[in-house]
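Engineer: TrEMBL lists these features:
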type: REPEAT; residues: 114-148; note: repeat 'WD'
type: REPEAT; residues: 149-190; note: repeat 'WD'
type: REPEAT; residues: 191-223; note: repeat 'WD'
type: REPEAT; residues: 233-265; note: repeat 'WD'
type: REPEAT; residues: 276-317; note: repeat 'WD'
type: REPEAT; residues: 357-398; note: repeat 'WD'
type: REPEAT; residues: 470-493; note: repeat 'WD'
type: REPEAT; residues: 491-532; note: repeat 'WD'
type: REPEAT; residues: 533-574; note: repeat 'WD'
Amino acid sequence: MSNSTNFASAVTGSIGAPTYLDRTYGQPLFHTESDVLAMRFSEDGLIWTIEECGLLRQWSLDGRQISRVFLNDLENVWQFSPTGKFVASGSQELCLWYVNSGQEAFRVDTECWITALAFSADGKLLASGHDDGSVRIWDTKGLKLLQKVDLHTVAISALAFRPNGTELASAAEDRKIRILNLESYQVTTTLLGHPDRIPALVWSVNSDLLLSAGWDTSVRIWQPPQVEPKMLLNTHSEQVTSLAISRDGHFLACADSDFEIHIWDNLEAKKPSYSFRGPTEEIKVMAFSPDGVHFASAGADHTICVWNIKSGEMKGGPTAAVRHQIAVLPQNKKELLLSSVGASLQSWETESAHLTLLPTKETIRSVAASADGRWIATSNETPQVEIWDAAKQTLVRTLNHTFGPISCLNFAPDSKTLATASLSDGLAWIWDLNEKEAILVIPEAAESCSIETLAFHPKGNLLAVGGVDFLATSGSDGAVCLWNLDEKEKLTTFDHGVTALCFDPQGRYLAGGSLKNSLVVWDLKDDREIFDLPGHTNRIGALAFSPDGSWLVSASDDCTLRVWNVLNGRLVIARTFDTEIHSLAFGENGRYLYTGNADSTCYRLLMSQLLED
């Protein structure tokens, strides 16, 4: 049987929230409000992060936020101490903060803008690099200045203490690396070779090797005082932006601006041992867990990802190919909100906020609910679709396909017919839940395009299939095909690549989210396009008509939701949210609109307030 709990994070009427945001279900998992600038694992395996906006957070490995405290949003550089006692920040002032309390410990004016920070391995020393090329060495007990050294003539881009405490490495915007002796404060070695910016430095745990990341796509490995690199790691195709070494020295992580992370356990090998791909923005920081089992990355996409190093399995964070899907299930005069979060299918009773977890095992790609409230369909990374008894919350049937994953699910209005499709083979499958096999398989259901979306006509006899031609270099970027399922024939094709489709309740209009981020509306009475409505600036991931057909709602990865009058193409209202919106579903009577958000939460929006505020 499923796990059941009353989830405290289903809240109403949050202070400062707009009046149309009636309720929030769930917690944001591993989502931040701004770029993550520093990160570390604590000894108990929890993760600490500090953001550009000055928020210090603590996270569990499954992505739940344990604590958060605001420090200061005027600092541009942050660094955690190795012991985890302090986090340092830099602007023109240098500051130490206590991590556990978030209280300011010490602050000094450095009289010059800080561009880089580094702690010594024992946490007793702190180095600050400045935009005039100077480096200052501080005693962390009271932030007493020990020495100022003019190491470079341009801004410092990276700093790293040698673990044995004898030297400090600095890189500057002149693409030079200098090694400073911490007893004499003299430069012992200058390393040349990178033809572009050096954003990161790190020493091997045994203090023997210095590694430098370059925007020239290479990682150079030096053995000071030798001035020639011992070896080059040239496996990246884009700028290398970040480096990290596990505490036992066994693993090296390198990240690039193409969101690729390479993990090495043998630098003599020709290729990395493991490769991970981050979401969609620059990876700025990385960290290994103390036991060397887990690895985390974060950056400009406002998300944190955690992997098991050896298996490559993502343990927490967003999966770029998997979007947060929702569906509304009417049941016993109540509404259940189904929400796919990783390998969990959450079922929220919308009024009481009672949460039930269905016993799914795989990462859920899509979810659909039948109109009569009897069935739930889910798909995962396999070629299978699972059918669940909604009342008993038990698996009753598995539908097998040729290829997976199945990315599209849609119940017909009769609640017994289900349409499914995979991105990989261009097939649309039609199932009668009373039959053992598919009753119809449509090849090239969206011409020769990859199928992105399905929608049943309100009468149930027509199916719209939308696809994208990712290889198109000119002409059409995809197709929307309308199929008559009774006659098993294609009625018409519209030359538009789309990422979302929906019919109005009367079945006259078909709306699609185009690859140009516009909303396209077709009048099926005349088989013609009547509107191509601009406004969104990123992918339109979801569309929904209100049950009475008055409004058409579009949601986008640009974090906006737009309401349109489909009769005249007029934009009624546009709302901006704090997260991308991946999916939409109206409640049965149209009073509420539900959203499935990129940060794993769901919103319940009061339509009357949404339109009036």
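Every residue, even glycine, has its Cβ placed from backbone N, Cα and C.
Help me picture where these features are in the structure shown.
Structural biologist: Through the fold, the repeat 'WD' (114-148) approaches residues 76-83, 85-86, 88-92, 94, 96, 106-108, 154-161, 163-165, 168, 170, 172, 180, 182, 185 of its own chain, all at least 6 residues removed from its boundaries and within a Cβ separation under 8 Å.
With DSSP classes pooled into helix, strand and coil, the tally for the repeat 'WD' (149-190) is 0 helix, 23 strand, 19 coil.
Sequence-distant contacts of the repeat 'WD' (191-223) (same chain, at least 6 residues past either end, Cβ-Cβ under 8 Å): 157-164, 166, 169-173, 175-179, 229-234, 236-245, 247-249, 252, 254, 256, 267.
Sequence-remote contacts of a segment are chain residues at least 6 beyond its ends whose Cβ falls under 8 Å from one of its Cβ atoms, and for the repeat 'WD' (233-265) they are 196-197, 199-206, 211, 213-221, 271-288, 290, 292, 295, 297, 299, 309.
Counting residues 6+ beyond its ends, the repeat 'WD' (276-317) has Cβ neighbours under 8 Å at 29-41, 43, 45, 47, 49, 59, 61-63, 241-248, 250-251, 253, 255-257, 259-261, 263 in the same chain.
Below 8 angstroms of C-beta separation, residues 1-4, 319, 322, 325-332, 336, 338-347, 404-411, 413, 415-416, 418, 420, 422, 433 of the same chain, each at least six residues beyond the ends of the repeat 'WD' (357-398), sit close to that stretch.
Looking at the repeat 'WD' (491-532) alone, the prediction's average pLDDT is 96.
Within the chain, the repeat 'WD' (533-574) has long-range Cβ neighbours (under 8 A, six or more residues past its boundaries) at 323, 499-506, 509, 511-514, 517-521, 580-586, 588-590, 593, 595-596, 598, 605, 607, 610-611.
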Engineer: Would you kindly list the residues that approach the repeat 'WD' (149-190) from elsewhere in its chain, counting only those six or more residues past its ends and only Cβ-Cβ distances under 8 Å?
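Structural biologist: Long-range Cβ neighbours of the repeat 'WD' (149-190): 115-122, 125, 127-137, 196-207, 210, 212-213, 222, 224-225, 227.
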Engineer: List the helix, strand and coil residue totals of the repeat 'WD' (491-532) as derived from DSSP.
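Structural biologist: Secondary-structure breakdown of the repeat 'WD' (491-532): 0 helix, 26 strand, 16 coil.
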